[in-house]
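For reference, TrEMBL has these:
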BINDING   A:25-29, A:83, A:116, A:167-171, A:198-203  ATP binding site
DOMAIN    A:22-245  domain 'Phosphagen kinase C-terminal'
């Protein structure tokens, strides 16, 4: 698997990102529904779903469309890898994805809600992402009859999304806090402020590579700006704690941290079998080593490697080797 | 630490040994005592010890002598590393080592017994080692009054050595049998034939790098030739079992074995902290990989690496780094 093949699993906006510590990406997601259609989970027929897709497509002519019923399995998985669609969208009989050119702006049609607008970026830029998502929202609002209640706000399929319909989230790499077993305390603290911390693929998903998604739990009774401002503060606080604990590791556990980083590099370069959990942790160690200045690896991109190590599952498989064998090979080739 | 420094911890006969599987070295040791002296552990004064040393030295003028009371700590430890003397010999107030040029033949004076003749070689050559040791034995017998009983044979300080006074031993590398947890069964089996299996440094010592010493337990009621013949058979049987189990590992656990070997190589090349137990196991894995044809490492000598990884303890220490840090560096430099 070469770099161009890995690029098939990455959106344009994800590429050539500067390697900075902690923040990996941000996302704003707005859930919207249409008044004159039943909820996607209640569609009586595929046609009901296609009617929604057509209406949304007409409202956003500048975006390209991919209808999932016309795609092969491989192509759908690529969209999941890019975080453009959820695995749930694949299960829907009539669903689609609209996206702009670099895929930083997209709209899922007929997931749990009729419309889910997504704006993604590779730094902590929630306000500007919200503005971009709002532009799409405004266009849809002009063209379509969006479900909105004067008291409650936007109406959604799941009550946890009612109100702003907004989920703001930031993906952060927290090796220091993870190694020092601080994540439980942090999860407890931020939940008191209405935020939640989860794995890479959202709710209930496993944590890989010490990467966490921090997002708002509450969508009701607060303005979008206020939610974003609070999340920014929470994330900034976590960034500070992470950087502090890295300083401590570097100062008081220097040999152990150096050893941890270099061992993981050696194992990535030499192992012949590697499961996904170990791969993610070894990559996390190497990224920590780069951030701490222990290592310089010109071509190492943490987000690319995290995607590369997931690709064995996505390969057309005429290969009779195990997934862990293929993963080890991909990692060896990419880390050298 | 460069190669010439490591060579200071190796005898001439240990160097430039071909890398073969399993058998690392063989040794014959003969325990003898003098009639007209009390046992070394009972010496009333240092002078009593020096008198024994002088008698032995006079009987073996062709051998060079090192008196331990005239040596610094470092030099004594080098002799221990070379297996020329036991740690016990260092504790004696008046003790010495006599040796031929390549140190394959040597005599410890005033360890537990007055005289311990040792012949060492790097293959399974117990008969010829016994012949070499016997030549020294004959010279001593002509010049000195050796304790010998017509019924019991040679008399020794510890009753377990009475009779032939001979300990024949073979050092074997058994990674396959160790990985597959067969060592307990093998130890039980061979003990029924009067043999015992131990770690590198003899009785009660820890096993490092899957290297074991197999030797006769009984010295009484058997001829030397018969003991050696039985030990040869036992060792040959263990070699066969080890090679069989390696074939199985290679055939039925190919990926896992390859992964094990390459991971250990990667860790040896990259780690920054390494304790002695782990180092020995990683080196054992790499040696297994070479034996199985997975790896070619031109300059890798298993016995040299096993000695190199022990040297941090032996260094004059103005270095404020930990022993595990120094060991990791020595291994990195020698494996590349």
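Here the Cβ of each residue, glycine as well, is placed from N, Cα and C on the backbone.
Annotations in TrEMBL come from automatic prediction, not curation.
All features noted in TrEMBL, drawn onto the structure.
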residue : record           : Cβ within 10 Å
A:25    : ATP binding site : 22
A:28    : ATP binding site : 26
A:116   : ATP binding site : 25
A:169   : ATP binding site : 24
A:198   : ATP binding site : 17
